[in-house]
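The structure under discussion appears below in the form of structure tokens.
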């Protein structure tokens, strides 16, 4: 695998997913948490979040070793990433990026830093994620969209493991989760799905519909447990054997996604919508 640059391809495409008020939904590069809350929890999860600077835009990533972060492959543009700010605050440490290694098929990328970060790192979730499990999404999209100086988080419940999601890459195997207490908007691409303080998924896509109130209420995550060997090979990270087996794979075209009803706006400090590519 080389560190050659990757030309970003828009993942936006109309998808026949199920929603009470929006039968046509786009699965687009997933995006900032709006109407959410500041990242909380252990210092491990809050310190490990990374804001990746990509020209005039940004993505989110997660530190998994002192020198390696993981993010979405579609976040890596032609020419690469300029730098990374590590931690949940804009006062976090900043480093230039040495290289980015792209997964050959999945929407994953590994970003190497030249120096060890002083932040904590996270372990991969030790089991294959199952429907019904609850976790937290975290991201830096609010920094660009709303001027938030602290990374934001929302709650996610995994609904199913899917393939054939209406998008350019119908072969992608993804964890589909509904988002509550916040919504995904541009800038959270590549961000973590934490379960029990460990990294279970990397954000790849989110809903993008005509009714803005439904945007970002469903996210699709790359299941990192299914790519543990690739991650360990390039980063040198020790990864314990993954427990259990992957959940049943559901065809998302034959069995369309259910989009939950829009949540009421709470008037939090990051209200409003900023929709577009990451």
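Heads up, residue numbers simply count up from 1 along the chain you see.
A Cβ is built for glycine as well, from the same backbone N, Cα and C atoms used for every other residue.
All protein chains considered, the CB of residue 74 (active site, charge relay system) has 27 other CB atoms within 10 Å. Under the heading active site, charge relay system, Swiss-Prot lists 74 (among others), citing similarity to another entry as support.
Secondary structure at residue 123 (active site, charge relay system), taken from DSSP and collapsed to helix, strand or coil, is coil. Annotation source Swiss-Prot lists active site, charge relay system at 123 (among others), citing similarity to another entry.
Taking all protein chains in view, 35 other C-beta atoms sit within 10 angstroms of the C-beta of residue 189 (active site, charge relay system). The active site, charge relay system annotation in Swiss-Prot covers 189 (among others) and rests on similarity to another entry.
Annotation source Swiss-Prot lists disulfide bond at 59-75. Over all protein chains present, the Cβ of residue 59 (disulfide bond) has 33 other Cβ atoms lying within 10 Å.
According to Swiss-Prot, the domain 'Peptidase S1' annotation covers 33-236. Taken together, the residues of the domain 'Peptidase S1' (33-236) have an average pLDDT of 85.
Under the heading signal peptide, Swiss-Prot lists 1-32, citing sequence analysis as support.
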Quick check on the recorded positions: of 75, 123, whose CB has the lowest count of neighbouring CB atoms inside 10 Å?
123
Could you tell me the C-alpha distance between residue 189 (active site, charge relay system) and residue 59 (disulfide bond) in angstrom, no decimals?
5
Measure from the CA atom of residue 123 (active site, charge relay system) to the CA atom of residue 74 (active site, charge relay system) and give the result in Å, rounded to a whole number.
23
Structural state of residue 74 (active site, charge relay system), classified by DSSP into three states:
helix
